[in-house]
Amino acid sequence: MALGKSPGRFRAAAFRLNIQRMTKSWTFGLYAGFSASIAALVGNIALLIAGSTQYGGVVEAIGTIAQGSPAHISRTSTAFHVLINVLSTALLTASNYAMQTLCAPTRADIDRAHANGNWLEIGIMGVHNLRHIGRRRMLLWFLLAFSSAPLHLFYNSSVFEVFASQDFDITATSAVINETTLYGSDWKMLNNKDWSRIYAAENISGYSDLHLMIDQVSFEIQVQQNWSYTLRLPTSVENCDWGSTSRQNETFNIGVGFSTDPKVLQIRPIDRTARFVASIDDFTANKTEFPGLTLPAILPGKIGNICPGTGWLQAHPALYVKHARAKINNLANRVQVAIPFLCVVIACNFIKVIGIWLTIKTYSNEHLLTGGDAIASFLNTPEPTTAGRCTLTKSQRHRYGRESEVKPWTVKNKATLFVLGGARVWTATVIFTSFILTMTALTAATANVVHATSPWGTASRLIVPFTSSNFNTRGILLVAFIANFPQVCLSLLYFSINRICTSICFATEWNNFATHRKALRVTAPVASQRGTHFLQLPLRWAIPLTTTSGVLHWLLSQSLFLVRRETRTRAGEIYGDSTCACGYSVQSILAFSLVFCVLLLVIICRLLWRMHVRMPPARHCSLVISAACHAPLDEVDPHLCEVMWGVTEEAMDDRPGHCSISAGVIGESQAGHLYI
């Protein structure tokens, strides 16, 4: 029996060993990306099915996946957008990983490029290599690249909120009525702070009619020359700084003036800071003594603010509000799905699944993905055209095939920004552009102090005025483009920042070969070589960067977003001016700006970090890497051993020395000496 089980145990052990090898290999990133893209595809299809079947199905290419109160819908919308940004971040990260794999050259690609006087990039993703790699890989790279754009433009806008509001009346009514009898469960009691906040909004969702419970009325006092007085309702909006008198306090101050001709006392116009206040009970019992005021009464126009610390209305100063009753609007807010947008997203998702799978099938160990791969290749088979150029730099690449004067070797301390060399121009441009965009966002967000108190994210009711469009599919498409175009810009900026970080890590790893002897980090390790589960960015860089990217995209989706405003008559008919617009949240914009500024600050500090340059900076250039890999001829398989860069042949009186990455005994390069 034991012998019968041996093959099964052997297969299980072999399977576990393969899993362990795969998780320690760079291919784990491709397989993980493929799995993530499959998971995203399943999630998107599930969302499409839910939007097509729930709440009455699809109406005018729009489906509904949730409905309820404004607070519930706001939370649901936020949850969906968090999920969308997690899926999109995983999908785009997997796609970028595959794209970097595709544009990695083979040794044959490099040899052809060098023979034609060109060079290729090692350990970084970019378009420079595309015309030198195979057509199939180039087409696959463009397929993955172009399938990313629709994701940025339509993914976040495929799920959006609909704010439903209805015409309503604001009615002042007596607070002495039996509210329990007259108002059922569809009327909600609100204190003065809550109802004034809710009904001050431009679009009111979740409530319709409002009844203000009045328990006091104020009147202006007008004293005549014959010492009689009259009461009248205030005729204008005034400040809240006024005193009061009542039946319990029968005295108040009036102004008296002196007239010299004739010598009589004259009553000055009474100070309007004094009013007569009557309770609603007193007003009802002695109606004939007070100016006409009929309750309930529909109040015209917008209700203004309430005097601080009181219940007196400023727009209607005659009335004191004890509390209010708001009728709950059964026209629930909704979270909806734009079916055409989601179909585009699913199509792009499917393309990425196929593209990543083909990348897995296309790749072979001949591709030089990391700097270690290139070093191993050139140490194993040195390239004759770069012999005698051991201190070649990227800035000298155009002279590598010509006779040129060998300059003394110099060791310098430079800021990392300048070690990156030619990249410093676009690095500074990207940082400057990002800074300007961030400052612009901060300025726009803080320009209006009142708007700074608007709710977070999609709960905000603020809209960009010029983005209002028709309440149809075409209008949604237009506004979605406006709302999500910044997502494309953010992705381009992040791509540039990712290149900067990749170049920093490459430069650091390359420069360390001059100070530490270590095994090469390669994609297919042999002997003492090290395996790699990342391409160029270590996990301590890749994980924070990817997480920050996802957070920034989510914050941007909460800063600018598609919103539909559905306004109905009291009979329930939709108004023709119901709009689709680009909403924005000041708080979300501030949060986005803060996170982006922190990211830029970290990158800038790292770029200004000084590096002690001990070997010619490679800057991803295949020529420089090749020139640094001419080990002594008596070394056997140096690429399989621990290696270090330094002097392999000391300078003599009549000839320069030689430096190389080598597995043998090396010396430290000396500033001012000549090396070839």
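Positions of Cβ are set from backbone N, Cα and C atoms, glycine also.
In TrEMBL, annotation is done automatically, which means it is predicted and not curated.
Note that the coordinates shown come from a computational prediction; the quantities given were computed from them, not determined experimentally.
For the domain 'DUF6536' (26-174), the DSSP-based tally of helix, strand and coil residues reads 93 helix, 23 strand, 33 coil. Among the features that TrEMBL reports, domain 'DUF6536' is placed at 26-174.
According to TrEMBL, the transmembrane segment annotation covers 28-50 (among others). Through the fold, the transmembrane segment (28-50) approaches residues 22, 63, 65, 83, 87-88, 90-91, 93-95, 97-98, 101, 159, 337, 339, 342-343, 345-346, 349-350, 352-353, 356-357, 359-360, 363, 533-535 of its own chain, all at least 6 residues removed from its boundaries and within a Cβ separation under 8 Å.
Among the features that TrEMBL reports, transmembrane segment is placed at 79-99 (among others). Remote same-chain residues near the transmembrane segment (79-99) are listed as 29-30, 32-34, 36-37, 39-40, 43-44, 65, 125, 141, 144-145, 147-148, 151, 155-156, 158-159, 335, 349, 352, 355-356, 359, 457-458, 491, 495, 498, 535, 546, 549-550, 553-554, 557-558, 561 (criterion: CB distance under 8 Å, separation of at least six residues from the stretch ends).
Summarising the annotation, TrEMBL assigns transmembrane segment to 138-155 (among others).
Annotated transmembrane segment per TrEMBL: 337-360 (among others), in sequence order.
As annotated by TrEMBL, transmembrane segment applies to 476-497 (among others). Below 8 angstroms of C-beta separation, residues 62, 92, 96, 148-149, 152-157, 160, 338, 340-341, 426-427, 430, 433-434, 437, 464, 467, 469, 545, 549, 552-553, 556-557, 560-562, 564, 580-582, 599, 603 of the same chain, each at least six residues beyond the ends of the transmembrane segment (476-497), sit close to that stretch.
As annotated by TrEMBL, transmembrane segment applies to 589-609 (among others).
Long-range contacts of the transmembrane segment (337-360) within the same chain, counting only residues at least 6 positions beyond its ends with a Cβ under 8 Å from a Cβ of the stretch, are 27, 30-31, 33-34, 37-38, 40-41, 44-45, 47-48, 50-52, 58, 61-65, 91, 94-95, 98, 101-102, 140, 143-144, 147-148, 150-151, 154-155, 157-160, 473, 476-477, 480. Looking at the domain 'DUF6536' (26-174) alone, the prediction's average pLDDT is 87.
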